[in-house]
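Quick look at what Swiss-Prot annotates:
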type	residues	note
SIGNAL	1-27	signal peptide
DISULFID	37-85	disulfide bond
DOMAIN	37-85	domain 'BPTI/Kunitz inhibitor'
SITE	39	site 'May bind Kv1'
DISULFID	60-81	disulfide bond
């Protein structure tokens, strides 16, 4: 039973790394920190339905968020998204 749990944990960690690592590679960094506005949209892991906004590099776009997980390029309103990500 211990081996099965270990393998399950390794599998889960592998999946999380496969999902997270490409997003981090595509992100832009400023002062050593990830620019959240450069992250891709990420609907998360759950199956709930929340209308949210993400910055697509040009403007804020509506998407469906599942309620858990995802990344920080997620805003409750278009106004909040534009305030954080739109360049003047």
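Just so you know, glycine gets a Cβ as well, placed from its N, Cα and C.
Counting in whole angstrom, residue 85 (disulfide bond) lies 11 from residue 39 (site 'May bind Kv1') by their C-alpha atoms. Reduced to three states, the DSSP call for residue 60 (disulfide bond) is strand. Under the three-state DSSP scheme, residue 39 (site 'May bind Kv1') falls in the coil class. Per-residue confidence over the domain 'BPTI/Kunitz inhibitor' (37-85) averages out at a pLDDT of 96. Rounded to the nearest whole angstrom, the C-alpha distance between residue 39 (site 'May bind Kv1') and residue 60 (disulfide bond) is 12. Within its own chain, residue 81 (disulfide bond) has 53, 54, 55, 60, 75 as residues 6 or more apart in sequence whose C-beta sits under 8 angstroms from its own. Residue density at residue 37 (disulfide bond): 20 other Cβ atoms are found within 10 A of its Cβ, drawing on all protein chains shown. Within 10 Å of the C-beta of residue 60 (disulfide bond) we count 23 further C-beta atoms, all protein chains included.
Secondary structure at residue 81 (disulfide bond), as computed by DSSP, is helix.
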